[in-house]
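Single-structure report; data block below.
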């Protein structure tokens, strides 16, 4: 039964075909009424639209079963601005438009069409017909092209679905592919039969097209954003056909198409086309339509005209056809002359100026080479400077082959001067072609370019950018894939030849930047060869990595395949690896690749590489950039599984992102910053700061980027500065030279004794290179190379015969010139064209024509010690953003556009004077000229426009424009009109401006806002005078302190009196000493006798223990004030004495920092506030010091002292008397803080003292990332608990100077203790030290500066002797009678004389010896050598390693040979002589040598930061020599047991094996536990503290006792 039904359906389908083929009966003349309507406007029902209607009678003659003829007659046109309606407006309701006879005759030419299965398959037109006319006729026959019969595959689907549902015989629906006017796309048919009438509906799926006449220009600068594509599709076309048949005869055909522009998912513009064919009559043929025999063409819209225009733009006069030759030259010249005259009529740049620029660009694009030559000779040569400059830039913006060739010819003749600017504009040509690229390359090799490095650079970079446009995958025709391999190979050969011919680093980098701008995918292998070739200079290899940036979208996996091995290979330089990671992350890698990156990070030996990797992945994980959504999720996932924690370093490679994106919006910006450091340089190796922009889902990667890169330049600059420094008196040079030579001799003799081979520098002067580069729209725009030759030229210029030439410096600093400059540009231009169902092309374009001008005078004068700068300028700028949908045809032009214009004109005069007489003084003066107006205006408006005819050969036709006012958007603006006098200047603000700022609002709302500043009196001067006084001696007795303590500051009641007495005595002793005073004043003056004076007076003692700052500000009354406004404020800070030992810290009664602030301010009414504050230690921090029940000495004591002396709590009491307004403002700000921390705030009402606030702020001392704040106001008590903040720096009252803090934080440290050494690169190993000197660290360069040696005082002792050879001095130190004894060149020195020898005491029993770079700390048992992180990379030797940031190559022997044998390594640095015994037995025992892996790093050295194994620190006691190694492998921790609702802690610490060790022996012990509810705040606090140190819980009740197995010995396998 089923097969019979299916066969019947097939037979029915086949039977119906002939009937359908006879829709048009042969030998019959059909007369249809054709109506077409175009609507352009905003997507608002209430707004007006520009509407154009075309009406005609369409005669269709069916010659036979296959062919029809079509002719349009009685063609009429009308157009008006009308509100939208569903019905097609009548012709009488619109303004009638005249059609020229030429165009009417063109439209009346007939066509011949072939019908196959109801579809138009072939078309033939008259040979005289024009392309635009053909396309309009295609639109008519397109309305009769349909085939409602399902194809065979659809019939098979009917069979497969028969069992599932019944099929209606009347109604069918199916999909098929079909050629229509808009392309070869998938269409959906729905057929509904109603008695005698059949209604057929057809719609087009534009996402599934194989052919479409679409063209795009200027899109090559955007990157792919896959996450944005679905939600931010910019253009959404919709087309629906409706056919009505009666008795198989076509009675009516209608097609409606809607084309919308969308921003952030909202429609902002639309163009709609409606076409309708209605059968009026049919009869036998009486007069035949002329048969045409033109070439056979497709029904798909013909873009031949667009292709001819494009070919002309790209190839110029060599194009096959000149599409604009009909337009006479004299008319073009007349238009150009008219435009330039209109520009000149306006004194300053106005919004119209930018429109005139756009018109100039359009005209120049239509010109031939001969026409440009005539324009140049007739108009350009005779024009003034501004017009000439605008014409030059307009030619470059036009970007056609003819305009570019014209510019290049005149550049070679040196007729055009701003060569670099013009070439930069050519980089952005929207019509890149092979001929343009070849012309640029030819110019780059010309004489002019070779003589001017700036021009040569600009030409090559422009050539690369043009090549990118040619080969870019974002094709001009999206659905057409051209094979461009031959072109790619040709240009790659040219660029690689440029690279091979390069002789300098700069030339090689220029060649690579050219390749990078070109974005050639076939260049990957060549670039990879350069990256891995270590013979190439490092800057060249880095640039080769950067040259891969444009391939991240086209071949991300290939880039990852190239860069991942480079990142993972530790043999490559760290900066190469970090740049490889940087580039790889921008390919949006998959999880599988990121897992490998994280794995490498966890085992990475280079701290800089590991730190940058962690920061980069972390910031990508937090990114809100919509284009990185997938990457952010993956980065978060892989980061959650890593155990890696970056070390705290002050100078570390870093990466940061600042994404600024609105939620649920695909627009915003992202700022990226990256810095790459390495140990051989104190300057960053690379710095990048970039801005990415996303507008409506269009991603502009590297919209702007500035960067700095250098290699060895810091070394060379340092050498150059030393050369300048050497220009001293001859005698001084001789003496100093002798001393240096003596010191070097000592160090070289030591090297000879120990057979140390000098480590030559890995760089030479010629390797020094640096560059600053600018990147715009992902193109290398310009870069400035800085090499050895440039530095030498500068030195040579300003020195002569060993002396600085001050005359040259004065000549440089005494200049006077006048300037006039004009610049024009398109900040972007993007064009998309596609067909509509009326046969008219729709163009969607955007551009920002901008004109900038500035003229004035500049002078620089140097007189004695005074430098004077004067700039008088009159800058003006006009920019207009035009975004439009435009329907263009010779008959008419119609569309809608959004226009945003900005204009600014600000005449100004600036004077700056800097001088040093008695005081240092800077005077900065801004002068507003009299009778001149400064204006900043903003105008935005949506506009619909009509132009009839579309263009004329003989004149420019103005468009009929109408501003569209949409009430719903006007409600989002506010009217402002205000005029007021500000400091003698009349300021007026007028117009309306948006109060809700979104991109769509800016496109749709009408705004007209202007701010003007006018000076009608004499020139208005605004002066700022900064005076810095000299340091003067003063008496400290003038500092008064009265009530500085509050009752809330009392820490322990029983010690209050002694603490007060101690503090008062300390202050009185300080006041007896000499004080110093400095005064800084700032005076501001403005017209109308407005002044503001600020004076800051600082008084401090010599050691900065007590300081007082006084600020006094006075200013003239403003607004409603009637009296002078004043502020008087005094801040007193007293810090406690600096303890030198833990014992002194414990015994010191006063260890807090006291602050007292008194301030009074106001005009008629005064506000007063007095704040007393105390910076102190919290209870938790004090507990840290109290738990230290052992005696420490030397460096362990000092380091513990620093931590124990940290202040982590502030108590402040404020008594105030405020005005009502001030009190309300402060209350609002505090409410904001409470709201922001809503979940962590608790408050309760209290009745406290009026006009008094008590605040306590406590920083959690261990992690330093959580803050508790308690505030007590007159009416309430507020608490903020556990507020997370960035890691806080806690001051320590025992801290050394800022200089030493920086050295500690940013330097590399090597530590030697007992028989254990931790190297500069953080490698920990054991080696036996003996009574013979071992070389700890030495400068092993060819000109050494220091050496550090050490030996044991005697066998089996832990005490050591240190010897430091520093230049010409030999310093020996050792511990004797619990005090460090120091000898310099064999002579004992006393501690009071240390400073003369650059030695400093550290605590009570340690010293610091300064080195030429860094320092050495010694306490008799431990040696810590601290060097700057950049110091002597690969030129250090000794047991501390080479300080190269790599932990895998530490063991280089004295003869510079790498070894894995630690014994061999140690013996090479052993200095044997008759004074010592070598202890061969200890040196030969292998058990004395061991290298620790990372997991075993906690050994018997004391650990860093918060955890501290006190048991290992008391190195003074003799019993330490018998302490077993197994015991040292134990550590005590608080044992924790967690349950569902409670957490239990062991009351006393329990022994555990260290990480990396396993239990060897154990015993049962009964352990007491105390339990707390899990929700208890103390529970979470104790849980956190237990991770840092054992807890003391003796005061807590015992909850239960449990038997626990406790290890007594551990072993490492």
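Here the Cβ of each residue, glycine as well, is placed from N, Cα and C on the backbone.
Per Swiss-Prot, the annotated N-linked glycosylation site among residues 282, 1268 corresponds to 1268.
Per Swiss-Prot, the stretch carrying the note region 'Disordered' among 1491-1531, 1532-1572, 1573-1613 is 1491-1531. In three-state terms derived from DSSP, residue 1310 (disulfide bond) belongs to an extended strand segment.
Long-range Cβ proximity for residue 1476 (disulfide bond), meaning a same-chain Cβ under 8 A and a gap of 6 or more residues, is found for 1330, 1331, 1332, 1333, 1351. Looking just at the domain 'Vitellogenin' (24-687), the mean pLDDT is 87.
In the shown protein chains, 26 other C-beta atoms lie within 10 A of the C-beta of residue 1310 (disulfide bond). Packing around residue 1332 (disulfide bond) is summarised by its Cβ count: 18 other Cβ atoms lie within 10 angstroms of its Cβ, all protein chains included. Contacts of residue 1440 (disulfide bond) defined by a Cβ separation under 8 A and a same-chain sequence distance of 6+ are given as 1310, 1312, 1317, 1319, 1320, 1336, 1337, 1425, in order along the sequence.
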